[in-house]
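Comments concern the structure below.
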Amino acid sequence: MTIRNWLFLFVTTLALGGVAALLIGFLLELFMGEMGLDLSQRLLAGLLFGAVAQMGFFAYLIFNWVASGFFRKDFWFHAVQVLLLLLVLGEVVVFGYLADAEGRILVPEALVGFITLAAGLLVAFWKMKLTNGRGFVPALFFMVVATLLESGTALKQDSLMMMLYTVLTILVCNAWQILWIHRLVAPPKAEGGKGRKKKGVAAPAAAGSKK
């Protein structure tokens with residue numbers, strides 16, 4: 001990946017986070033009541049969510065690159081990702097219901113987990129259509145696990161509106177990144193018919209980008 005491509009992904013993710021935060025905030029207030037944040041605060045929160053999503057995506061690329069060296073076959077690497085996905089999702093959904101006996105209202109937390117899973121499945125199918133079948137599990141893993149981990153602080157609140165505000169904004173940012181990365185790390189085309197390639201900064205291979 002070239003520096004230009006990385007800057008493109010960084011800037012567009014930040015911008016998308018800001019726009020998504022404004023739109024999602026408007027829709028949530030329309031259906032759920034007053035949020036308590038003005039436009040500047042929502043925009044700032046969206047930019048922050050975009051930056052958090054970027055850091056999470058970079059960590060995922062490193063994880064994907066390192067783990068690919070340990071697991072020579074996709075089956076085992078995908079199996080580990082599915083296991084981790086179930087553990088994280090179970091922590092949010094199952095233990096959320098069990099902890100409700102302590103007096104906290106955690107049913108919204110479980111609802112957010114199901115919404116994240118549904119969005120992750122949709123994006124994973126889309127990623128598979130754009131690349132190949134190998135991209136489904138990594139995309140689903142990133143969309144669910146990364147989103148829930150990045151939204152960890154929001155999930156501890158009692159406000160369903162703030163949970164949805166945070167998770168949905170980060171979901172939009174993560175979907176944008178995972179659906180674009182294979183385009184940005186594709187091998188550069190030869191120049192002038194001489195087979196010379198542009199120089200760039202190496203980046204971990206995008207999940208599902210190989211055919």
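Each residue, glycine too, has its Cβ placed from N, Cα and C.
Feature annotations, courtesy of TrEMBL:
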COMPBIAS  201-211  compositional bias 'Low complexity'
REGION    189-211  region 'Disordered'
TRANSMEM  6-31  transmembrane segment
TRANSMEM  43-63  transmembrane segment
TRANSMEM  75-98  transmembrane segment
TRANSMEM  105-126  transmembrane segment
TRANSMEM  132-149  transmembrane segment
TRANSMEM  161-181  transmembrane segment
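Here the transmembrane segment (132-149) does not touch the transmembrane segment (6-31). Their Cβ atoms form fewer than 3 pairs under 8 Å, with each pair 6 or more residues apart. Contact count against the transmembrane segment (43-63) (Cβ pairs under 8 Å) is highest for 6-31, out of 6-31, 75-98, 105-126. Sequence-remote contacts of a segment are chain residues at least 6 beyond its ends whose Cβ falls under 8 Å from one of its Cβ atoms, and for the transmembrane segment (75-98) they are 67-68, 106-107, 109-110, 112-114, 116-117, 137-138, 140-141, 144-145, 148-149, 155.
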